[in-house]
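What TrEMBL says about this protein:
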type	residues	note
DOMAIN	40-147	domain 'PGG'
TRANSMEM	42-68	transmembrane segment
TRANSMEM	88-111	transmembrane segment
TRANSMEM	123-147	transmembrane segment
TRANSMEM	153-179	transmembrane segment
């Protein structure tokens, strides 16, 4: 734009391929625009992440922290069923699995829609995957806490503090890492 507004630049000059500067700018813009419009790689990657979360959280349901009772009158009952942290594990694992499955289903349908709808589905799915990852983190912390706290309380508390600190640090730094300016962040919304 700066060069095109200058009187000293010959806008009609041709390069070896016979293209003007304007032709090159238009070609670059079309290619960049085309790359932005292709949501399929993003959809595939997000679907993979959501599927992995769903798989891990589903498996966690059947490998309960603390194991299962093997006595004949309580066979198959979770050993730590009355512990609040196990209940937190079960609820957060359920939240993580549910949100990740919804994201997988939405992303599976996204390929049948036009680009604007694909973009919206990607944004919604990203939010669902974020919630699923947070649920997985809470399940990890509570599952580890329920089995280690009786014998090693400080280690259990340390795991929770570390996980919360890392999560908070990522939350606070993410806008600055991915969006160089506030204007770029606002453009997303």
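Backbone N, Cα and C atoms are what each Cβ position is placed from, and that goes for glycine too.
Residues of the domain 'PGG' (40-147) grouped by DSSP class, helix first, strand second and coil last, total 86 helix, 2 strand, 20 coil. Beyond the transmembrane segment (123-147), the same-chain residues lying 6 or more positions past its ends with a Cβ under 8 Å from any Cβ of the stretch are 46, 49-50, 53-54, 56-57, 60, 65-66, 80, 83, 85-86, 88-89, 92-97, 99-100, 102-103, 106-107, 110, 156-157, 159-160, 163-164, 167. Here the transmembrane segment (42-68) has long-range neighbours at 75-80, 83, 86, 89, 93-94, 96-97, 100-101, 103-104, 107-108, 110-111, 118, 121-122, 125-126, 128-129, 132-133, 135-136, 139, 143-144, 146-147, meaning same-chain residues at least 6 beyond its ends whose C-beta is under 8 angstroms from one of its own. Looking only at the domain 'PGG' (40-147), the predicted model's pLDDT averages out at 91.
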